[in-house]
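K.L.:
Pasting a structure here, questions to come.
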Amino acid sequence: MTELSKYRNIGIFAHVDAGKTTTTERILKLTGKIHKIGEVHDGESTTDFMVQEAERGITIQSAAVSCFWNDHRFNVIDTPGHVDFTVEVYRSLKVLDGGVGVFCGSGGVEPQSETNWRYANDSEVARIIFVNKLDRMGADFLRVVKQTKDVLAANPLVMVLPIGIEDEFCGVVDLLTRKAHIWDDSGLPENFEIKDVPADMVDLVEEYREMLIEAAVEQDDDLLESYMEGVEPSMEDIKRCIRKGTRTLTFFPTYCGSAFKNKGMQLLLDAVVDYLPAPDEVDPQPLTDEEGVENGEFAIVDADLPLKALAFKIMDDRFGALTFVRIYSGRLKKGDTILNSFTGKSERVGRMVEMYADDRIEIESAQAGDIIAIVGMKNVQTGHTLCDPKHPCTLEAMVFPEPVISIAVAPKDKGGSEKMGIAIGKMIAEDPSFRVETDEDSGETILKGMGELHLDIKVDILKRTYGVELIVGEPQVAYRETITAEVEDSYTHKKQSGGSGQFGKIDYKIRPGEANTGFVFKSSVVGGNVPKEFWPAVQKGFGSMMNTGTIAGFPVLDVEFELTDGAFHAVDSSAIAFEIAAKGAFRQSIAKAKPQLLEPIMKVDVFSPDDNVGDVIGDLNRRRGMIKDQNAGVTGVRIKADVPLSEMFGYIGTLRTMTSGRGQFSMEFAHYAACPNSVSEKVVTQVKERKAAEAKK
């Protein structure tokens, strides 16, 4: 077993095409995990092992790989860069202790880089910055360093300087050692020499080295005082201070190179060892009660404590069902019985494996700090806590975003429904941001996801992996409804048909609630006109109706219901009577409260070459977009805008046409906003037409 202090659980984060997966490939090559390097553009990379990943040259799932460097164990997770798969980044951050943010030397801080960086900040994950592709045309290391300050509000700590640039890039100067690492053009990582700093770089190296040491010694008051008196700290003290500043997110050690040409990778791996934290150096995960509220206890990273582990990913592949697990406390052995605290059921651990992309090595045991996969777990889902049955506990839950887009699907073959249902069930277990439901009116199967590409990939997986050919409908937007006026009203439910009857009368107010509060129930009833025992029934009845609004049948958001008075009958009143009364109150009063249709607004981040900025902005305006910000860079302009999702279908094709293939964009859900009347009327008409067509079938 590796010592806990020598574990590094890290993720590789970047924008699409920044070289993230290639960087991972080079790490595996250098650590001896692979002998032939696979290239993303050839569809051969080790961590992009899905057919869809290989064909599209993007990472879709987070692939976990274990390897070793300088006696340290690395568990490396290569995460997706496309915004539609951000859920993979989110759940990876939940179980990582550190990360490497990869930025393109010419593209700089691109849209999805910013999103992933923000998520990592929220999770307080320590990071190293690696500026990749310095052999590319237009690459500029110091410009990208400045962008990380300006765009990400990061504090990059420059650790190396490049020697040469673009096609003349040949190596880097290590500022700490004042030594140049120069590679030949063979593309082999081991073919490098360590030399003195080139004469024309000496002054620049000394300038940046001084800034580096000043930033480092600020982490230690005694060292800072000595340094101010002219005493240079030892290499050991400098590294200790850099490690401290990295762990506290005070700064981010910044390196550069070319992963594709194997230049600069060894220094990056050394930095992971030297500066990123071990599992027991990060804040422990909080434990919660059954309601998800923190209870003041923590999952201390210690192999000698009772088992506490988090299932953070489910994957069904050619080997069977895999449950990826991060062990925070304790040990886990083959044959152990563990408790799933979410279901309350125990399960025996069969085979355990270390993952090597889509390959695996069977292991007998694992301990705190490990990221492993368990084969054949039956009742475990993403976010479930696995623990010692004698010491039950619950780790903080994983929360996933709500889908914003949906499509209706049906199997082409009449007998394919069961096959489709089984396949979709497996896919939902793997991806919590992918949902399915059945339309109550039409009986259609509705797939819901985070974007067009997300659902496109799911349909492709159903076809290729599970052999289910589908008829796919047009993408549908997840509209919502709300109210804009307060209504004071009364509703009586009375039923008498021999024997005991039903009676429940409620007086109430409904009003617009605060944004993102959903349904809020209050009671200001004084006295016993509506006994307290019936209040939950009123809440349940009204709340159950919030799934179907009165405008077009979309779910209703942000409504506050206040029960003010009412009446009951000693014999005929019951919980069911008051629940029915509350449902009637919804139908009666929502329509009076000036209901309004809401549409999802997306936060859109577009990169446009200078020549096409006017066209891009004009197109966003035509899509009802609101331009929020523009930032000019060396290679083009970043445009940020809020745009309705309904206007963004097919946008990538339009952008590529306008920019001759050079434009890029990302988008993520921002908020719901009121639809203009013209849009609302159009949506209502479409819903009516769809229901009429379904009724004729």
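Cβ coordinates are placed from backbone N, Cα and C, and glycine is handled just like the others.
Given the structure is predicted, the values throughout are model-derived calculations rather than measurements.
If you look up Swiss-Prot, you'll see 5-280 marked as domain 'tr-type G'. The GTP binding site feature in Swiss-Prot is assigned to 14-21, 78-82, 132-135; the stated evidence is sequence analysis.
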K.L.:
Tell me whether LEU134 (GTP binding site) sits in a helix, a strand or coil according to DSSP.
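P.N.:
For LEU134 (GTP binding site) - judged by DSSP and reduced to three states - the answer is coil.
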K.L.:
Would you mind giving the whole-number mean pLDDT across the domain 'tr-type G' (5-280)?
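P.N.:
For the domain 'tr-type G' (5-280), the model's average pLDDT rounds to 83.
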K.L.:
I'd like the Cβ neighbour count for LEU134 (GTP binding site), meaning other Cβ atoms within 10 Å of its Cβ, all protein chains included.
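P.N.:
Result for LEU134 (GTP binding site): 28 neighbouring Cβ atoms inside 10 Å.
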K.L.:
Other than its own, how many Cβ atoms are within 10 Å of the Cβ belonging to ALA14 (GTP binding site)?
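P.N.:
Its Cβ has 27 other Cβ atoms within 10 Å.
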K.L.:
Can you check what DSSP calls ALA14 (GTP binding site), collapsed to helix, strand or coil?
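P.N.:
The three-state answer is strand.
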